[in-house]
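Asks: Sharing the record's features from TrEMBL:
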TRANSMEM  100-118  transmembrane segment
DOMAIN    103-266  domain 'SSD'
TRANSMEM  138-160  transmembrane segment
TRANSMEM  172-192  transmembrane segment
TRANSMEM  212-233  transmembrane segment
TRANSMEM  240-266  transmembrane segment
TRANSMEM  315-339  transmembrane segment
TRANSMEM  601-621  transmembrane segment
TRANSMEM  628-647  transmembrane segment
TRANSMEM  659-679  transmembrane segment
TRANSMEM  691-714  transmembrane segment
TRANSMEM  726-753  transmembrane segment
Amino acid sequence: FQHYTSADNCRSAFKAPLEPSTALGGFSGNNYSEASAFIITYPVNNAVEKEGNETERAVAWEKAFIDLAKNELLPMAQSQNLTLSFSSESSIEEELKRESTADAITIVISYLVMFAYISLTLGDTPRLSTFYVSSKVLLGLTGVVLVMLSVLGSVGFFSAIGVKSTLIIMEVIPFLVLAVGVDNMCILVHAVKRQPLELPIEGRISNALVEVGPSITLASLSEVLAFAVGSFIPMPACRVFSMFAALAVLLDFLLQVTAFVALIVFDFLRAEDRRVDCFPCLKISSPNADSDKGTRVRRPGLLARYMKEVHAPILGIWVVKIVVIAIFAAITVASIALATRVEPGLEQQIVLPRDSYLQGYFKNVSEYLRIGPPLYFVVKNYNYSSESNQTNQLCSISQCDSNSLLNEIARESLRPESSHIAKPAASWLDDFLVWVSPEAFGCCRKFTNATYCPPDDQTPCCSSGSGSCGLGGLCKDCTTILEFLQCFRHADLNNDRPSTMQFKEKLPWFLNALPSADCAKGGHGAYTGSVELQGYENGVIQASSFRTYHTPLNKQRDFVDSLRAAREFSSRVSKSLKMEIFPYSVFYMFFEQYLDIWRTALINLAIAIGAVSLVCFVITWSLWSSGIIMLVLAMIVIDLLGVMAILDIQLNAVSVVNLVMSVGIAVEFCVHITHAFTVSIGDREQRVKEALGTMGASVFSGITLTKLVGVIVLCFSRTEVFVVYYFQMYLALVLLGFLHGLVFLPVVLSIFGPPSRCKLVEKQEDRPSVSLRP
């Protein structure tokens, strides 16, 4: 533990010094002998995809390694009462692929449950004698097919233009479009049922589209625009999701108001002709068909009667109104305070399947590891020429600037709680300057022909079978005339710094020199990949890195804070030294999105809500109605953020997608009630009662319950991410939308609702009728 930098038997297999804290775990302080765990790391060569198959070879090696660990190493360790956990760079990706199929059955069951409920809610009140005629199973099935066609159309279009789909798209968009499509199906069918039976089916369809068509168009276009604006945000997962969702919802709307309307006509003709659902070729004769049809269809349903006769009168009581507004306002204020506690990130244990071998790996890393991931500070365009002072601006040995990069890193390591830097950086530049100095006897030496001469305890100066080293043989000249064959004397250096030519000549020697007892400063292994030598002959090293380590990072917040701290430190030092320096660690590419995810989420939500309000204003031409809808939407989103804080749901790409989607789905709970209110006649109380009587039942049965039955199935998922980000968030969204749409919104409309649009129509119709009277 004391000689790991120099002793041969302490170096790693690739000849680099192996720090005990990076290989041992479960100890306190520097008491390495107390370690109860150790780590073995196999570095695998990786490559950026340009040409060749290096990456494929690396992935194939990792796959074979995981198979070996699962099938042979793990049983071997368990037989000795040891715990073995393992991972590779491609493990998370492979486990996510496995996860995508693990809950396929759960998702299919969720869709089937929604389909079954659709079939029931579209039909009339069940009667055993006429159920096979009045049911709407075939209509519901064809409606679901239209939804699937819209999803396929969206995926097909973007695939054709080269936009790749993601796991979120394949899991969320079918559910989203089905939820939106089911709403429109229920509202259309219920609107047709409310029309007088003496009208022909074409007339009933026409009246139904006049009644609910504007609100369906308003809701659908609002959702399309809300998702479309999301395609301009920088987060790839949200941008791609928004693109797919916008087109899928648009196609679904177009199919609903064209193909599905035609299917409604066929299905109602089938029912009026007493033909069996799903088997329309079979016709059932009934002597009481006409009288039964006349009494059954005209009678309002139980839910509609409850909304109009019980729910609306209760909300009309002034005490109830005050209590409702006070409670919802208090919940919104509390949610604003709670939303600040929502932390960015995505716990890896939640994303992975519960039976994944990576669960144990992450648990053990968090429990035993006493150091964090490697942290590299990369310096670009380092000018090592004699005319430049950048060498002293980087190094940390004698005559280096006090505010040099490496001195600043060392100072930051003294306050690891805020900097998240565990120790001073390993510096190839410091070791190189020491290696070339005359004081480092046995390091930088040369043969009489001016080629590199290794230390005495290395080949070819010393062979394994030789009894003594360095006293004769190939390296005797390096040893006997050491003073003259050292690379440099003090007189050769300028303020102990090599000249441009000396630096250029000796740097490759240093990077190829093996460390040993005679010279521990050799750079091979420790710094092999730290310096980019391409083009360095011009006096400028294009890129070089200085390695240190983060402190142990166990929570998602630790990863985000460490990235932010490293970025801020690099920015400050870059401005101070007037050099381009940036930090890098292997996890940065995954956590960079969380640095400004709050800003991204809030901007996207604001644009989505604003877009919905704009569509509402353009279609209704009423700032009053648009303002109320925007208020309710904002309250639903804010309350959903509060629920996320209570349930410890983190802010990430999945939850941001859900929040954007919540704007689109929340529109369904608001627009239909608001539109029905604006086209009703009477005072505000009467119009609220009429709106709840006509649209309240459709919103509850067609929007709330449909989504609810589909969401509940997701709680049986085997993957934690489905339970947390889909079941819990969707359930909260449905409940909040229901409460705001059917409790808070009617109260607001009864107090602050806009005037009826039908009054203007009546006046315009009265004028010509008056003028035509004799």
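A Cβ is built for glycine as well, from the same backbone N, Cα and C atoms used for every other residue.
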Asks: Can you tell me which of 138-160, 172-192, 240-266, 628-647, 659-679 gets the most C-beta pairs within less than 8 Å of the transmembrane segment (212-233)?
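Replies: Maximum Cβ contact count belongs to 240-266.
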Asks: Taking every residue in the domain 'SSD' (103-266), what is their average pLDDT?
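Replies: Taking every residue of the domain 'SSD' (103-266) together, the mean pLDDT is 80.
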Asks: If I count Cβ-Cβ pairs under 8 A between the transmembrane segment (172-192) and each of 240-266, 601-621, 628-647, 659-679, 691-714, which range comes out on top?
Replies: 240-266
Asks: To the transmembrane segment (691-714), which of 240-266, 601-621, 628-647, 659-679, 726-753 is linked by the most Cβ pairs under 8 Å?
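Replies: It is 726-753 that shares the most Cβ pairs under 8 Å with the transmembrane segment (691-714).
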Asks: Could you give the residue numbers and ranges of same-chain residues that sit at least 6 residues beyond the transmembrane segment (726-753) on either side and whose C-beta is under 8 angstroms from one of its C-beta atoms?
Replies: 171-172, 175, 311-312, 315-316, 320-321, 324-325, 328, 624, 628, 631-632, 635-636, 639-640, 643-644, 647, 649, 655, 658, 662, 665-666, 668-670, 673-674, 677, 684-685, 687-688, 691-692, 696, 699-700, 703-704, 707-708, 711-712, 714-715, 717
Asks: Mind pulling out the one from 601-621, 628-647, 659-679 with the most Cβ pairs under 8 angstroms to the transmembrane segment (240-266)?
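Replies: Ranking 601-621, 628-647, 659-679 by Cβ pairs under 8 Å to the transmembrane segment (240-266) puts 659-679 first.
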